[in-house]
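J.: Structure in structure tokens, see below.
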């Protein structure tokens with residue numbers, strides 16, 4: 001453990017970050033109990049999974065901060081969990097619309113706008129796609145493939161690392177790291193695309209259910225957990241982040257990324273508690289809305 005070589009300010013920083021991680025987990029546990037009691041059974045597990053994202057990433061980052069040699073395993077745990085959450089977020093939007101049958105009924109005459117990020121945000125000429133069972137299947141398959149392939153590639157990385165064939169900072173074409181990173185990057189983009197497509201379709205309908213701040217929190221976790229960490233690691237590999245003995249540039253970059261993630265996930269956990277703590281009533285069916293509108297016209 002690194003704690004043996006820390007000075008007093010370093011130990012104080014580690015203690016504060018560990019305390020933030022513990023508070024984040026306590027806040028999540030309190031929120032999970034509330035959600036378990038108040039949410040219908042069809043949505044219960046999905047929303048609890050999504051709320052657990054920030055505390056889990058904070059916990060794995062804290063373990064990696066205290067025990068540097070466990071970084072590969074903590075990254076594997078966080079990657080597997082986050083891959084599942086991407087699929088759960090798509091399913092949450094479908095559930096909030098009343099389920100797949102009700103979503104198809106509400107948007108039977110509409111079309112999906114597929115020219116959205118992160119894949120096709122610049123391809124404005126792409127045609128809109130009809131909303132059918134088949135298109136919903138492809139959207140769900142786009143996120144579900146990440147649940148399967150991301151853990152598989154992470155497991156392969158650990159196996160190669162234990163055998164000495166995988167080095168995270170070796171980005172030469174002959175190394176395994178560059179190829180695994182490219183495959184995982186492509187799979188990540190493919191998984192994020194269906195969530196963006198679905199959000200554009202339902203954001204107006206689910207505005208009363210705070211879907212916009214929920215999607216914003218989800219996007220923040222994606223950016224901070226993937227893009228921010230990658231940028232810090234690149235800066236460390238280029239020696240832009242200087243070494244601070246006994247830490248090398250790469251090790252210092254890992255510590256900076258982990259410490260930032262603990263603080264950021266702590267704040268996201270607190271905000272998620274506010275956003276997700278509400279009444280989970282179902283939306284009015286389309287037929288009921290039309291009948292009520294007709295009754296109001298006849299009443300005068």
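Glycine too: its Cβ is placed from the backbone N, Cα and C atoms.
Unlike curated entries, TrEMBL annotations are predicted automatically.
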J.: Out of 256-276, 277-297, which range is noted as transmembrane segment by TrEMBL?
T.: 256-276
J.: Counting Cβ pairs closer than 8 Å, which of 73-94, 176-195, 215-236 has the most of them with the transmembrane segment (256-276)?
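T.: Most Cβ pairs under 8 Å with the transmembrane segment (256-276) come from 215-236.
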J.: Should the transmembrane segment (176-195) and the transmembrane segment (46-67) be scored as in contact, given a threshold of at least 3 Cβ pairs under 8 Å and pairs 6 or more apart?
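T.: No, since the transmembrane segment (176-195) and the transmembrane segment (46-67) share fewer than 3 Cβ pairs closer than 8 Å, they do not count as touching.
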J.: Give the one range among 12-34, 137-161, 215-236 whose Cβ atoms make the most pairs under 8 Å with those of the transmembrane segment (73-94).
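T.: Counting Cβ pairs under 8 Å, the winner is 137-161.
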J.: Quickly jot the same-chain residues contacting the transmembrane segment (215-236) by Cβ under 8 Å, restricted to those at least six beyond its ends, or write none.
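T.: Beyond its ends, the transmembrane segment (215-236) has Cβ neighbours at 50, 53-54, 57, 78, 82, 89, 168-169, 188, 192, 195, 199, 203, 249-250, 252-254, 256-257, 260-261, 264-265, 268, 271-272, 275.
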J.: Other than its close neighbours in sequence, what residues sit by the transmembrane segment (137-161), given a CB gap under 8 Å and a spacing of at least six beyond its ends?
T.: 72-73, 75-76, 79-80, 83-84, 86-87, 90-91, 167, 176-177, 180, 183-184, 187-188, 190-191, 193-195, 197-198
